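Annotated features, as they stand in Swiss-Prot:
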- 1-23: signal peptide (SIGNAL)
- Asn315: N-linked glycosylation site (CARBOHYD)
- Asn367: N-linked glycosylation site (CARBOHYD)
- Cys454: heme binding site (BINDING)
Amino acid sequence: MFTLTEYFIAACVWLVLYKVGNLLWNRHHYFKQQKARGCGEIKHYRHRDPILGLDFVYTLSKAFKEHRWLPWQQELFAAQGVKTFQANFLGSRAIYTSESENMKAMSTTYWREFGLEPLRRGSGAADPVAGPGVSTVDGPMWDFSRNIIKPYFTRDGYSNLARLEVFVNRLLDLVPTDGSTFDMQPLLQRWFLDTSSEFLFGKTVDSLTHPENVKVAKAMVDTMRGIRVRLTMSKLMFLHRDPVWMENVKIVRDFVDERIDASLTQLQDVKSGKGTSCTENQPDGRTDLLWDMVQQLQDKEALRGQIMAVFIPSNDTTSILISNAIYALARHPHVYQTLREEVLALGDQEITFEKLRGLRYLRYVINETHRLYPNGIQMVRIALEDTTLPVGGGPDQSQPIFIQKGDIVHANRYLMHRDPDNWGPDAEVFRPERWGDVRPLWKFVPFGGGPRICPAHVLVDTEASYVLLRFVQRFRTLEPRDERPYKAIMRIGPSNLHGVNVAVKTA
C-alpha cells in the first residue's frame with residue numbers, strides 16, 4: 001500500500017514528466033515546422049526568469065500601474081533593437097511586432113487564422129460586462145454578429161449630421177467663455193454617452209442637460225478601465241478582485257437591461273396590436289440598433305451580449321479622439337488658426353456630409369490625431385492554428401516567422417504610427433501638413449483593416465470632424481492650461497490622465 005505522501009510525490013513526478021515531455025514535443029514541432037515553412041528565428045527577449053517570464057510580467061505590470069505603458073513599449077522595442085521579438089509571458093509564447101506587413105497579414109491574408117475569442121471570452125476578461133458579440137467572438141458567431149450591426153454603419157447612418165446638432169449645441173453651451181480653465185474630457189464623455197445612447201437604444205441619457213445622469217458616464221469609464229486591467233493581467237486575471245469595478249459594471253448592465261426590457265415589451269405590444277407604429281417595424285419612428293436587434297433576437301442574454309459588444313468599445317473611441325485633438329490643437333495655435341480659417345471659409349453654408357468630408361485640413365488634423373494618439377494601441381490576436389507572418393525572422397528580420405497554434409501576437413499600432421522609418425525624423429511631432437504628401441497604407445491603421453476593421457470607422461471620424469468644426473466656428477482662440485505632458489491612463493484605449501484643461505474665447 002502506498003502512503004498519501006507517496007501518492008503525492010508520484011503525482012508531482014508524473015506532472016513534471018508530462019510538462020517536460022509536452023515542452024520537448026512542442027519544441028520539436030516548432031523547429032520542424034519552422035524549417036518546413038522556410039521561416040527564420042525570431043529574436044528572444046533576454047529573461048531573468050526563462051521558465052514563466054515573471055521578470056517581463058513584472059516590468060509590464062509596473063509600467064501599467066505607473067501609467068507608463070506607452071513609453072515603456074517604446075523603451076522595450078528600442079532595447080531589443082528590432083521590430084519583432086518574442087517573450088515568455090507566464091509560460092506562453094508572445095510575439096511583439098511593429099511591422100506593418102505583419103499587421104496587414106493578420107488583418108487580411110491570414111485573418112481567419114488569428115482570433116480573439118479565446119482572449120476575451122475564453123479567458124473571461126470581458127465577463128460579466130460583454131457576452132458573445134462582434135468584438136468578442138470568432139467564426140460563424142462573428143459572421144452573425146457582424147451582419148446584425150452592419151446596416152447601422154452605412155452611409156444613411158453616418159451621413160446624418162442633423163441628429164448630432166442638438167447634442168453638439170448642448171456640449172458647447174457648457175463650455176465657459178470667460179477665459180476660465182475647464183476640462184474638456186469629461187464633457188466629451190457625457191456628450192458621447194448622450195449621442196450613442198440615442199443611436200444604439202433609441203433614447204438618450206441626457207447627461208449633458210441632467211447632471212444626475214452623469215453616474216452612467218462615470219461608471220462606463222471605470223468599467224472600461226477594469227476590462228483593460230483584466231485583459232492585461234491575462235492568466236493572472238483571477239487575482240482581479242475589485243468590488244468598486246463590479247458596482248460600476250452593475251450600473252452599466254442595469255442601464256442596458258432597462259432598455260432591453262422596454263424594447264422587448266414594445267415589440268410584444270406591436271405584435272399584439274397594442275403599440276402604435278409609424279411603419280410596420282418601427283414604432284414611434286424607432287431606427288436604433290437595439291430595436292432592429294430585438295426583432296432578430298428575443299433572448300435577453302444574447303441581446304445584452306450583442307449590444308454591449310458595440311456599446312462598450314465605442315464609448316471610448318469618439319470622445320477620446322476629440323479630446324486628443326483639442327489637447328494637440330491647444331498646444332499648436334498656428335494649426336488651430338489654419339483649421340479655423342478653413343472652416344470659416346464655408347460662411348453660412350449648410351454643413352452636409354459631403355462638405356464635411358471636403359475639408360482637407362480638418363481631415364489632416366483628424367488623421368494626425370489618430371497617428372499620434374491611436375485609440376487601439378495594439379491589435380492582439382491568438383493563433384487558432386499553425387501559420388506564418390511575412391517578416392521578423394532571420395539575422396536581418398526579413399524572413400517570415402512561424403507562429404504556432406496558441407501563440408499570442410501583439411501588433412503595435414502606437415509604435416508603427418511613431419516610427420521614423422515610416423514618418424520621417426519628426427515622427428513624434430504633431431504636424432497635420434504631413435498628410436498632404438504621404439500615402440501610408442498599412443503603416444497607418446487606426447481602426448485596423450480587413451474584414452474585422454472597426455465597423456464604425458467612418459461614423460467615428462464623421463462625428464469627431466463635426467464636433468471640431470462647430471468648436472472652431474464658435475471659439476476664436478484655444479489655450480492650454482496645463483503644462484504637464486500627455487500621460488496615458490489605459491481604458492479600452494488611452495486617455496489623458498491629467499484631462500484636457502484648456503480655456504477659450506468666443507468668436
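Every residue, even glycine, has its Cβ placed from backbone N, Cα and C.
Feature annotations (Swiss-Prot) mapped to structure.
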residue	record	Cβ within 10 Å
Asn315	N-linked glycosylation site	24
Asn367	N-linked glycosylation site	18
Cys454	heme binding site	20
| What three-state secondary structure does DSSP assign to Asn367 (N-linked glycosylation site)? | helix
| message | Measuring Cα to Cα, how many Å separate Asn315 (N-linked glycosylation site) from the residue listed as 'heme binding site'? | response | 13
| Residue pair the residue listed as 'heme binding site', Asn367 (N-linked glycosylation site) - Cα distance, angstrom, rounded | 16
